[in-house]
C-alpha cells in the first residue's frame with residue numbers, strides 16, 4: 001500500500017512538472033513561435049498603451065530576451081523560492097510561492113488567489129454534492145428499467161442539460177428567480193459572516209452548475225450500471241437470495257462507481273481552479289472571475305497564476321482519487 | 001467491426017416475394033454495414049429529426065452571407081433610429097421585432113439580431129468542424145500507432161493522453177487565446193481568431209478520439225486480415241492506414257458527430273469570455289456576452305443566441321447518439 005502511494009505521488013510530481021512546462025510553453029514559447037517579438041510579448045504584461053520603459057522593465061524582469069531554458073528555470077525557481085522584480089525606482093519581493101506579479105496593477109498574484117479561494121470552494125463543493133446525488137440517482141434508476149418512462153424522461157433532460165450552455169441557463173435562472181421573483185440574492189457573502197445569506201446567493205450557481213454536471217453523471221452512471229447489472233456476480237448475488245436493494249447498491253453501484261470517481265476527481269480539480277464561466281455569470285468573486293477580470297484588463301500574470309493553480313488542483317485531486325481507489329478496491333494496488 | 005447479420009421482420013418477408021417475382025434480385029444480396037446501419041438509423045425518429053436540423057444548419061451557415069443580402073440585412077449596420085435614446089433599449093415590444101428585423105434589434109447599437117445570428121452560425125460551425133478535424137487527425141494517427149504497435153510505444157502515447165486529459169483545458173484555451181490575440185503567424189483579425197480557436201480547441205481534445213481509436217485498434221490487430229496483410233509483406237503504415245483505418249470509419253464518424261457539439265459550446269464559451277471571436281464580428285457567444293448587461297430589461301437579446309446554441313448543440317447530440325446506436329448497437 002505504501003509503495004503504491006509513493007509510486008502515485010512520484011507520478012503526480014512528474015505530471016505537475018509536465019503541466020507547468022506546458023503552461024510555461026503557452027505563455028512564453030508559443031507566442032514566440034507564432035512570431036511575436038520579446039517587446040510585443042512584454043507589452044501584453046502591462047495592459048493597454050504600454051510605455052517603452054515599462055516594456056523594457058517587464059522584459060528584463062521576466063527574462064524575455066534570454067534563452068528559453070533559462071526562462072523556464074527562473075519561472076520554476078520563482079514558484080519554489082520566490083522572486084524579486086526590479087521596477088525602476090523600487091524592487092518588489094514576491095514571496096514564495098510566487099505565482100507572478102501583475103505589473104499593471106502592481107500587486108502579487110498569490111495573495112489574490114488565496115483571498116478568492118473560499119468562494120470557489122463554496123461554489124464547487126455545494127454544486128458537487130447536488131450533482132453527485134441527483135446525477136448518480138437518476139442514472140441508477142434509469143439503468144434499472146431501461147426504456148421506462150422515467151428512463152426516457154431522465155435521459156431527455158440529461159441530453160438537454162449537456163446541450164445548454166452554462167452562460168445561458170445561468171442568465172435565465174438569474175432573470176427569473178432573482179430579478180423577477182426576487183427569491184435569491186446576488187451579492188456574495190462569506191459563510192463565516194452569514195451562512196443563510198451565503199447559501200441563498202449560492203443556490204442558483206449551485207443548481208446551474210449541477211444541471212450541467214448531473215446530466216453528464218447521469219449518462220455515465222446509466223451506461224456503467226447497465227453494464228455491471230449484466231455481470232455474473234450480480235446473478236450470483238441474486239441467486240443467493242440477497243434483497244434487490246442490496247444487490248443494486250452494494251454490488252452493482254459499487255462496481256459502476258469506479259469510472260465515476262475518476263471523472264469526479266478531475267472535474268472537482270478543474271472547478272477548484274476556477275469555475276470561470278459560472279463565476280463570471282453570477283459575479284461571484286472567485287478565482288475564475290479573477291481570470292476573467294484579467295482578460296478584460298489585458299493583464300497576463302493573473303491568468304498564468306490561475307492556470308498554474310488549476311493544474312495543481314487537478315494533479316492533487318487525481319492523486320487523492322488514486323489513493324482512494326486503492327483503499328476501496330484492493331485490485332488496483334497490484335497493477 | 002463485423003457486419004452484424006440482422007434480418008428485420010419486414011425485410012425478411014419481402015425477400016421471398018422478390019425472388020418469386022424474379023425482379024429486383026439485388027434485394028436478396030447481403031447488405032453492407034452501411035446499409036444495415038442506415039435501416040436502423042431510419043427507424044430512430046428522434047435521430048432523424050436531429051439529422052434534418054443539422055443539415056439545415058449546415059446549409060444556413062454555408063449560405064449565411066447570401067441569405068443576409070437576400071433578406072437585405074447587415075450584421076454590422078447600426079440602427080440608432082430604432083433605439084430609445086433614454087433607455088438605450090429597442091423601441092417597441094419584444095426587443096424591437098418588426099418585418100424589417102424579424103428577431104428584433106440589439107440594445108444600444110440597434111444591429112439586426114437575425115443577421116448577427118446568421119453571421120455567427122458560420123463562425124461557430126467553421127470553428128467546431130475545424131477543431132474536430134484537427135483532434136481527429138491527431139487522435140486517429142496516435143491512437144492507431146499506440147494500438148497497433150503496443151508495448152513501449154503504447155505506454156508512451158497512453159501516458160501522453162492521460163496527461164492531456166489532466167490539463168485545465170478552458171484555462172489553457174483562455175491563456176493561448178489571450179497571448180496570441182496581439183498577432184501571430186503573420187495573421188490578424190478574424191482569420192487569426194478563427195485559426196487560434198481551431199488550434200486551442202482541437203489540439204487539446206485529441207485524447208478522447210485517441211482513446212477510442214486505440215481501443216478499437218487493439219481489438220482489430222489480432223484479426224486475420226491484418227495477419228494476412230502482414231504475411232504478404234505489407235509495411236506498417238500500409239496496414240495502419242489501408243487495412244485498419246477503413247475499419248475504424250464508423251466509430252470515428254460517431255465520435256466526431258458527438259465532438260462537434262462540445263466544440264460549438266467551447267467556442268461559444270470562449271467568445272462569451274471575450275477571448276474567442278472579437279467584436280465587431282458577430283458570434284453567438286459574443287452576443288450572449290453583450291446580453292449580460294441588458295438581460296433584466298431586454299431578455300429577448302439573450303434568448304435568441306442562447307436558443308441558437310441550444311438547438312444546434314442538441315441537434316448534433318441527437319444525431320450523434322442515433323448514429324452511435326445505429327453503427328454500434330453494443331454501445332447502447
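Glycine residues also receive a Cβ, built from the backbone N, Cα and C atoms like all the rest.
Automatic, uncurated: that is what TrEMBL annotation is.
Here TrEMBL flags B:46-64 (among others) as transmembrane segment.
Taken from TrEMBL, the feature domain 'ABC transmembrane type-1' applies to B:121-320.
The annotation transmembrane segment is assigned in TrEMBL to B:122-151 (among others).
Long-range Cβ contacts of the transmembrane segment (B:163-184) within its own chain (Cβ-Cβ under 8 Å, at least 6 residues beyond either end) map to 192-193, 196-197, 199-201, 204-207, 266, 269-270, 273, 275-276, 278. Positions annotated as transmembrane segment by TrEMBL: B:163-184 (among others).
Summarising the annotation, TrEMBL assigns transmembrane segment to B:190-208 (among others). Long-range contacts of the transmembrane segment (B:190-208) within the same chain: residues 123, 126-128, 130-136, 138-139, 142, 160-162, 164-165, 167, 169, 172-173, 176-177, 180-181, 183-184, 255, 259, 262-263, 266-267, 270, 276-278, 281, each at least 6 residues beyond the stretch ends and with a Cβ under 8 Å from a Cβ of the stretch.
What TrEMBL records for B:248-266 (among others) is transmembrane segment. Listed by sequence, the residues of this chain that lie at least six past the ends of the transmembrane segment (B:248-266) yet keep a Cβ under 8 A from its Cβ atoms are 1, 33, 37, 124-125, 127-129, 131-132, 135-136, 140, 144, 170, 173, 201-202, 205, 208-209, 212-213, 216-217, 220, 309, 312-314, 316-317, 319-321, 323-324, 327-328.
Among residues of the same chain six or more beyond the transmembrane segment (B:301-320), those with a C-beta under 8 A of the stretch's C-beta atoms are 46-47, 49-51, 53-54, 57, 95, 103-104, 106-107, 113, 116-117, 120-121, 124, 254-255, 257-258, 260-261, 264-265, 268, 284-285, 287-288, 290-292, 294-295. The transmembrane segment annotation in TrEMBL covers B:301-320 (among others).
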